[in-house]
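Inspection log for the structure reproduced underneath, given as structure tokens.
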Amino acid sequence: MVPFRWGLLLGCLGSALGPGAQAQFPRVCMTVGSLQAKECCPPLGAEPSNVCGSLEGRGRCAEVQADTRPWSGPYVLRNQDDRERWPRKFFDRTCRCTGNFAGYNCGDCKFGWTGPNCDQKKPLVVRQNIHSLTAQEREQFLGALDLAKNTPHPDYVITTQHWLGLLGPNGTQPQIANCSIYDLFVWLHYYSVRDTLLGPGRPYKAIDFSHQGPAFVTWHRYHLLWLERALQRLTGNESFAVPYWNFATGRNECDVCTDQLLGAARPDDPTLISQNSRFSSWEIVCDSLDDYNRRVTLCNGTYEGLLRRNQVGRNSEKLPSLKDIEDCLSLKQFDNPPFFQNSTFSFRNALEGFDKADGTLDSQVMSLHNLVHSFLNGTSALPHSAANDPVFVVLHSFTDAIFDEWMKRFSPPVDAWPQELAPIGHNRMYNMVPFFPPVTNEELFLTADQLGYSYAIDLPVSVEGTPDWTTTLSVVMGMLVVLVGLSALLLFLQYRRLRKGYTPLMETQLSHKRYTEEA
């Protein structure tokens, strides 16, 4: 099986979002002066001296802490990729916020907190099954996605060149682009999986910061939280929650691929989205990975064609089943060495889909997350382009729900996550690429309620793995029935013997009847 390789990109401008929408880099820091100084510590508000909200006790400008522990895996280069020791190829100093403050200038609150001083717990936002949404809730979700696709981001921009060429050929023009909110969501994913650029036509492909390792679960969790907060602000609804798609149907059809939800297939070309769906006009970004590698450049947000799904020819493939979810949730180890796509009996690797759902390894089999992407095919089939499809949002919401259920069942200690020798980007204290300000994997290795949200869901429990009182009672009752039966048989035999007396052994006639035959 070819390992998943995914991606995303675009440019951003103004709307109703705030400084907590943490993505690539804040526009205010993408100046020649800031890039040369490698410092992104903007003031909060109009007062220039209020750097990082320091006058209000919200934060200060500080040295970036980047993980330097050794990594393992196929990436063996050093100082060749601008994502190493993220984000120090770009900035050495950023705002470090205190308490529950957050954001590139400490002007926001951490997930799950609110109030002027970020000291008030927000009510949990509840992520529901997309099929359980009311007509109004469904329209709000779909409309918010479409609005995000067409609304420039107010605060963040993306880079269109790697760090050595970031200031342009003359060193005076930062190579950046604006993007829509949703396309920035796509770009973040693309950037996390793109190849290392070594020269024209010389990509180094053995690298992935968001897949094939422990960070798969935390990276996608933060990615989804980022979008959810952006949509909350875009809609003016702080209780807005992205729904999930329970893909564990075991069927060979996509039940969210309808015109009422995320778009049916177009009758005259089933690889395109039905023209009755708002998503039929969505164009994709960051799809031409080979072209970027040839030109030694990054995705710049140019539209590259329509969104596609291609389930034609996939009829023999079926989505995961509830039994697969049950098997995955029975795995007690979060991850196992080598913390890569060949780890066995690893909850993370089974959920990601490189292991079978029960944790055994079969290189010819895809399961769970990987299987769903393969099933959708088209734009969803490759990591660098998959997030273009809005199904990505509800697919990963359900994947995160499974992760959250595992966290609640097993309450793993923090050292269940390796501090070192995971693939690059996947050590516990590595700053997740390309989120900014920096945030580590460890900070997301929590239950969802600690991050301000929950799921309206009941996931299956393995009877074998988690015996309860009903199982014990069934066993006891079965034993009692057997004892009563034996007692009755003994009494009957005793009765027969008393009536007929004894028959000498030599005179006994042995029966040749089988147990399944009538006497």
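Keep in mind that glycine also has a Cβ here, set from the backbone N, Cα and C atoms.
The Zn(2+) A binding site feature in Swiss-Prot is assigned to His189, His211, His220. If you look up Swiss-Prot, you'll see His369, His373, His396 marked as Zn(2+) B binding site, on the strength of similarity to another entry. Taken from Swiss-Prot, the feature N-linked glycosylation site applies to Asn170, Asn178, Asn237, Asn300, Asn342, Asn377, supported by sequence analysis. Annotated signal peptide per Swiss-Prot: 1-23, in sequence order, evidence recorded as sequence analysis. The topological domain 'Lumenal, melanosome' feature in Swiss-Prot is assigned to 24-472. If you look up Swiss-Prot, you'll see 494-519 marked as topological domain 'Cytoplasmic', on the strength of sequence analysis. Per Swiss-Prot, the feature transmembrane segment maps to 473-493.
Of all the binding-site residues in the record (His189, His369, His373, His396), the one with the smallest CA separation from Asn237 (N-linked glycosylation site) is His396. Fewest Cβ neighbours within 10 Å among the binding-site residues His189, His211, His396: this applies to His396.
DSSP assigns His211 (Zn(2+) A binding site) to coil in the three-state reduction, outside any helix or strand. Nearest Cα neighbour of His369 (Zn(2+) B binding site) among the listed recorded positions (Asn170, His189, His220, Asn300): His220. In this structure, the glycosylation sites Asn170, Asn237, Asn300, Asn377 were compared by how many other Cβ atoms lie within 10 Å of their Cβ, and the smallest count belongs to Asn170.
Considering other CB atoms within 10 Å as the measure, the emptiest surroundings among the binding-site residues His220, His369, His373 are those of His373.
With the fewest other Cβ atoms inside 10 Å of its Cβ, the least crowded of the glycosylation sites Asn178, Asn342 in this structure is Asn342. For Asn300 (N-linked glycosylation site), the spatially nearest entry among the binding-site residues His189, His211, His220, His373, His396 is His189, judged by CA separation. Ranked by Cα separation from His211 (Zn(2+) A binding site), the recorded positions Asn170, Asn178, His373 are led by His373. For His220 (Zn(2+) A binding site), the spatially nearest entry among the recorded positions Asn170, Asn178, Asn342, His373, His396 is His396, judged by CA separation.
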